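Structure first, then comments.
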Amino acid sequence: MLKLPIYLDNNATTPCDPRVVEAMLPYFSETFGNASSRNHSFGWAAEAAVDLAREQVAALIGADPKEIIFTSGATEADNLALKGVFEMYADKGNHIITTEIEHKAVLDACKHLEKLGAEITYLKVNNEGLPDLKELEAAITAKTILVAVMYANNEIGVINPIKEISAIAKKHGVLMMSDISQAAGKVPVDVNRDGIDLAAFSAHKLYGPKGVGALYVRRKSPRVKVTAQMDGGGHERGMRSGTLNVPGIVAFGKACELCQQEMGAESKRLAALRDKLENALLQLEQTFVNGSKTNRLPHATNISFRYVEGEALMMGFNKNLALSSGSACTSASPEPSYVLKGLGLGDDLAHSSIRFGLGRFTTEEEIDYAIQTVTETVNKLREISPLWEMFKEGADMNTIEWSRL
Amino acid sequence: MAYAERVLDYYNSPRNVGALDKTSERVGTGLIHVPEYIEVIRIQIEVSPARHVITDACFKTFGCGAAIAATSITTEWLKGKSIEEAAQLDHMDIVEALNLPPAKIHCTILIEDAVKAAINDYRHKNGMELLKEETEEEEEEAERDYELEEEHN
């Protein structure tokens, strides 16, 4: 029996896996110790649990447990990486290279650093959502300290050629940072194979709880250090003070372990469901996939339905179907998604976009329901759309004469 | 954003979606789009020539659900009005009718413009003098009146 509403916004957040919840529960009231308490069994038990979780988290991305710094989430990890590197490597330079379609946690941290004297290069991306590697290399100067490029984009799911990008950074002795939030646990990420020096991610994107994440900081070749952004007890090798969130960290560890075990089969299952959804929706006229279709997360697709507006679409089904749109139809911010604009989409297509994010608990029955509901709503709204009528009449959409008063 | 039930009602079952023969002398068409916003609003009226009363009205809108609902409810209001009465439409009446949030007020301004453009199209076809756009001073005055009224309430 189909249970409504259906959740297809797994790029925003994922539900906690029940196995993850079960793993974390004892650490609230039974094994509640402070992992820094060195003198009694409560502390030792908490520390042992954190140690195990650190191994599980590290294993997911091919890192050493000592290279994992627990944080409150990916936003904090992004901030710690960017601001921490900027401060730590101030003697070497002040230039950071990133892309204009990064997550706001990266872009806004960069904007903050600009106020403190940083030079930031925001690389443009092509219509597939990928930066030009020659442009990236050309942007490197003697003052460049960091290249920050996300592993996979949160809106379009496009996967960057991280290995190639990090090779360029390494060639010039520049550190490589990547926000791996959308990719970790979904596709194989290996910090050594991929040449990543710093990586930010969070538990709630991979079926763990909100409020916990990590920054991977490379310890060998090169040994990377970041200046702490919070002062306190010197936890996490002095890079992130604050009593460890033991239940959250335990859950994060369990969630990573489950992802690692199930990733192979799960990514195939989700890619098949995603392709079914996408192919069915592309049967509608004037419907387009945004971003590269080849280098992409298996569970994600972003589709524009031309001549209908995204918010109107969602109003049609948001009682039963949870999705998100690149459109914001308000007078305060009439700008559509900066990611889609970055791909070169016109306003009309950016405002017509819907992001689909499938997940571990998505069923084929739900996808069938989504196909039917979205198709019906698009067709219904097109009947109301003057642009659709003009298009069907063969009008030249670039030379429409608008009324003037 | 939670919408008023009325918005959902008009969005789910929009009244007066459609097209009238834009070449007919009895039909006035207003098709509004401004570069600042994404909405495209088309309102058409059919007018009985004897007393210039609107006998039919219909619309098509590209925009969010609130824009669709607001255009639909406006076409209902237009039916039976004389073109002089219809020209008195104030966009804030639409805002109040649907209890729209401030972020959606811009669509009602476009709808008001579409109504006036449709009336003008009819007037032009029938050799009548065109409505003038409110000057900026008039608009400011109207805005002040509205604010005073709000304070009074």
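Even glycines carry a Cβ here, placed using N, Cα and C.
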- prompt: Of the candidates A:Q182, A:Q283, A:Q286, A:Q372, which does TrEMBL annotate as part of the pyridoxal 5'-phosphate site that also includes A:A74, A:T75, A:N154, A:S202, A:A203, A:H204, A:T243?
  reply: A:Q182
- prompt: Near A:Q182 (pyridoxal 5'-phosphate binding site), how many other Cβ atoms are within 10 Å of its Cβ?
  reply: 28
Query: Ranking the recorded positions A:H204, A:K205 by other Cβ atoms within 10 Å, which is at the bottom?
result: A:H204
Statement: Counting Cβ atoms within 10 Å of each Cβ, the densest environment among the binding-site residues A:T75, A:N154, A:S202, A:T243 belongs to A:S202
- line: Expressed in angstrom and rounded to a whole number, the pyridoxal 5'-phosphate site built from A:A74, A:T75, A:N154, A:Q182, A:S202, A:A203, A:H204, A:T243 spans a maximum Cα-Cα distance of 30
Statement: With neighbours defined as other CB atoms within 10 A, the best-packed of the binding-site residues A:A74, A:A203 is A:A203
